[in-house]
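**Student:** Quick one: structure below, then a few questions.
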Amino acid sequence: MASGKATGKTDAPAPVIKLGGPRPPKVGSSGNASWFQAIKAKKLNSPQPKFEGSGVPDNENFKTSQQHGYWRRQARFKPGKGRRKPVPDAWYFYYTGTGPAADLNWGDSQDGIVWVAAKGADVKSRSNQGTRDPDKFDQYPLRFSDGGPDGNFRWDFIPLNRGRSGRSTAASSAASSRPPSREGSRGRRSGSEDDLIARAAKIIQDQQKKGSRITKAKADEMAHRRYCKRTIPPGYKVDQVFGPRTKGKEGNFGDDKMNEEGIKDGRVTAMLNLVPSSHACLFGSRVTPKLQPDGLHLKFEFTTVVPRDDPQFDNYVKICDQCVDGVGTRPKDDEPKPKSRSSSRPATRTSSPAPRQQRLKKEKRPKKQDDEVDKALTSDEERNNAQLEFDDEPKVINWGDSALGENEL
């Protein structure tokens, strides 16, 4: 039985969640991490979880008599200025006799431990399930057939049939039942004119609200793949990934606003409706190969036709007008307001203000070195922090409905 012998392992999920199949392995491992993904508190200092049913995650490999264990609190932090900042706790499930509290019997009282058992479970028995080695095995998606945790907690929904190379976005189980917010209706955009941009921005908002997690390492990998396979990660500018915007040649799409906001700009997702898929680009393009001193250059010429009776035709035209050769420009509704006359009027001898008194300069305290900050974190906490790069709650903006279908993008 693998308990606390392993070192360097943690409850934190692997940097990239990979699912190898619908069932967790029957054989234990040498790691000390939970087989299952975590449930996460929505707020700091949330009370310990309560469950509608037994609280034991579904596992078809176990008999009913073996369905018992405990949920263990994992404190989480992210680095701040000179100190670490706490974030809401995560709770991980372990079978009785495994994990960090392997020496406890079922029901033993200990802070940060919540015992759970299915009806008919033999709580006096100890599990041979072991724990997970994150380097060898994937996390198993949480499923509760008889009810999950209370409303103070959430967990990321992961499809059971997703393979290791599959793509999906993790969706917050709590977010799926929330009604859309109406706050975005107060914005400047209204009517059908900007339906396309509104729908595109809503898709981005939904993806963020559903909790897609991208680590710092994954974002860097996305931005530095082979050029033709790159995608813009959250928080990156367009020119950081695809180079400066130009006019009249390759790289001529995007105005200054789009360059700064990257994928947060709703126009990006809107225009992706018109971008060909990989297969369409390969088999529907005029392909021109050309040998150059630095290698083989492949040119793909593809034409997407937007019918004039398309309900979003005018919006596509508007975006193209703004973004094709748009470097150095911004949308009219995004231009900064001109300063008032009083502030823009040149100063004269009669109107010049009296010189201000010089404030005493404060002595600059030497900043704490990075190694001093790092000393405040344990090795387990550092590994946890690696997962928190994009773990903050996204800003929820409801841009309204539009004419686009749900699955067009």
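From the backbone N, Cα and C atoms, a Cβ is placed for every residue, glycine too.
Just lifted these from Swiss-Prot, have a look:
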COMPBIAS  162-179  compositional bias 'Low complexity'
COMPBIAS  341-356  compositional bias 'Low complexity'
DISULFID  Cys320-Cys323  disulfide bond
DOMAIN    31-156  domain 'CoV N NTD'
DOMAIN    215-331  domain 'CoV N CTD'
MOD_RES   Thr378  phosphothreonine
REGION    1-32  region 'Disordered'
REGION    29-160  region 'RNA-binding'
REGION    46-84  region 'Disordered'
REGION    121-194  region 'Disordered'
REGION    226-333  region 'Dimerization'
REGION    238-259  region 'Disordered'
REGION    326-409  region 'Disordered'
**Student:** Once the chains shown are all counted, how many other Cβ atoms turn up within 10 Å of the Cβ of Cys323 (disulfide bond)?
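**Tutor:** So the Cβ neighbour count for Cys323 (disulfide bond) comes to 23.
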**Student:** Quick one: what's DSSP say for Cys323 (disulfide bond), helix, strand or coil?
**Tutor:** helix
**Student:** Report, as a single number, how many Cβ atoms besides its own are within 10 Å of the Cβ of Cys320 (disulfide bond).
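**Tutor:** By my count, 16.
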